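Asks: Dropping a structure here in C-alpha cells format, bear with me for questions.
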Amino acid sequence: MLCSFTVLGNLFIIYVIIRKRTLHTSKYYYIISLAFADLIVGLIVMPFSSIFILADDEYWLFSPYLRFLCDIWHAIDIFASTASILGLCTIGIDRYVVIKKPIQYPTSFISKRWHLMLSFTWVCSALISFPAILYWGTKQPVLDDTPVSLLEQCDMPNNAYYILFSAMASFYIPLFLMIYVYVKIYLAARNQTLALYSGYKHQHHRIRISKSVANSFHQKESSSEENTKLDLSQVDDQIILRIHRGTYQKPKVDVQTEKIPAKRRKCQGKFWRTLSNTQKATSFIGLVMGTFLFCWFPYFFYLVLSGAFNVRLKNDHHHEVLYNILTWLGYSNSALDIIVYVSTSAELRTAFFEYLFYFCIEKK
C-alpha cells in the first residue's frame, strides 16, 4: 500500500505540474525533481526491499549470474535517497532567496538557472552512490566457515569506511546545510515581519546613492500625489525603506501605541493575507525538513552506530527487525512528501484536486 501510494501520488504530482502552465516556475520544477526521486524509491527500491523482507534474511532470489543487480539496487537506493535529500536543500535555498530578495528573485541564478541546479543535484547523487557501491560492493567476504545462506544475501556493504562515507555524504552534510538554510529563512522571515509591522526596512545591500540624487528624488516625491509611495533616505551606507499603504501618513516611532482606525482594523486581515508568501515559504520548508528528520534521522543514526562503531542490539533477530523498521520509516518520507506538497501550496492543491476530480468524473 505504501509503495502504491508513493508511485501513484508522485506520478500525479509530476503530471499536474507539467499540465498546469501556471505552475511552470522554478519552485515547482524543484518539486518535480524531488517527486521524481521519490518516484524512483517507490518504483524500484521499495518493491525489492519488500521481496527481501518477505523472503526472510534478504536472500537473493534470482540467478547467481544476476548478482550484480543486487549492487545496482543498493546503488539506486542510495542514489534516489541522496537526490531527494539534496533536492530538499535546493528547495530550501530557493525559498530563502524568495524571502531575502523577493524583487531580485526572478532574475536570480537559482530561479533562471534551475536546470543547472537540478543537474548538479543529480550528478552529485550519482557520484556519491554508484562509484562507492561498485568499489566496495555488497558481496560478503568468502571464508571457509561462511554459511552458504550468508553468501546468498543482498545486504548493504558492511565496510565501516563506506558506511561513514555514505552517511556523511548522503545525510549529515546535507542536513547541516538544510538546518543552516532554514535558520537563515527564519531570521529573514522574522525581519520581514518586523519591517512590515514597523513600516521601516533597513537594507544593507551595496547600493550607493549620491546626496544630489537623493535630494532630487525627495523633491519629486514631495510634489507627487500618488497613494503608494516609497521613500529612500541614506544614513552613511544604510538605506532605509519606508513602507506606506494608502494615503501617506507620517509614521510614529512607537507603532504599538498608535491608534488604529476601525476601518483600517477591518482591512488588516486582507493586508496580511497578501503578505502570506513569506509565511508559506517558512512553513513549507519547516514541514518538509521536519518530516525529513523524523523519517531519516533514526535510520542514519542507527546505521552509523551499528555499522561503523558496532553499537547495536545483541540479538541478531531484534537487530534485523529494528533495522528494517527504520529503513521503511525512511522510505515513508517519499510518500509523506506528497501530503506536504499538497498541504503547503494552495496553487498545487487546487490543481491537484481539479485534475483528480476530472479523472474521477471521466471514469464515471
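From the backbone N, Cα and C atoms, a Cβ is placed for every residue, glycine too.
Per TrEMBL, the features are:
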- 9-341: domain 'G-protein coupled receptors family 1 profile' (DOMAIN)
- 28-52: transmembrane segment (TRANSMEM)
- 72-93: transmembrane segment (TRANSMEM)
- 114-136: transmembrane segment (TRANSMEM)
- 160-183: transmembrane segment (TRANSMEM)
- 281-301: transmembrane segment (TRANSMEM)
- 321-342: transmembrane segment (TRANSMEM)
Asks: As a test of reading the model: what is the averaged pLDDT for the domain 'G-protein coupled receptors family 1 profile' (9-341)?
Replies: 75
Asks: Count the Cβ pairs between the transmembrane segment (281-301) and the transmembrane segment (28-52) that lie under 8 angstroms and are 6 or more residues apart in sequence, then report whether there are at least 3.
Replies: no
Asks: Same-chain Cβ contacts of the transmembrane segment (321-342) under 8 Å, 6 or more residues past its ends?
Replies: 2, 5-6, 9-10, 13, 31, 34-35, 37-39, 41-42, 45-46, 49, 53, 81, 84, 284, 287-288, 291-292, 295-296, 298-299, 302-303, 306, 313, 348-349, 352
Asks: Is the transmembrane segment (114-136) packed against any residues at least 6 beyond its ends, judged by a Cβ distance under 8 Å, and which are they?
Replies: 26, 29-30, 33, 37, 71-72, 74-76, 78-80, 82-83, 86-87, 90, 157, 159, 161-162, 165-166, 169-170
Asks: Can you tell me which parts of the same chain pack against the transmembrane segment (160-183), counting only residues 6+ beyond its ends and a CB-CB cutoff under 8 A?
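Replies: The answer is 78, 81-82, 85-86, 88-89, 92-93, 96, 128-129, 132, 136, 285-286, 289, 292-293, 296-297, 300, 303-304, 307-308.
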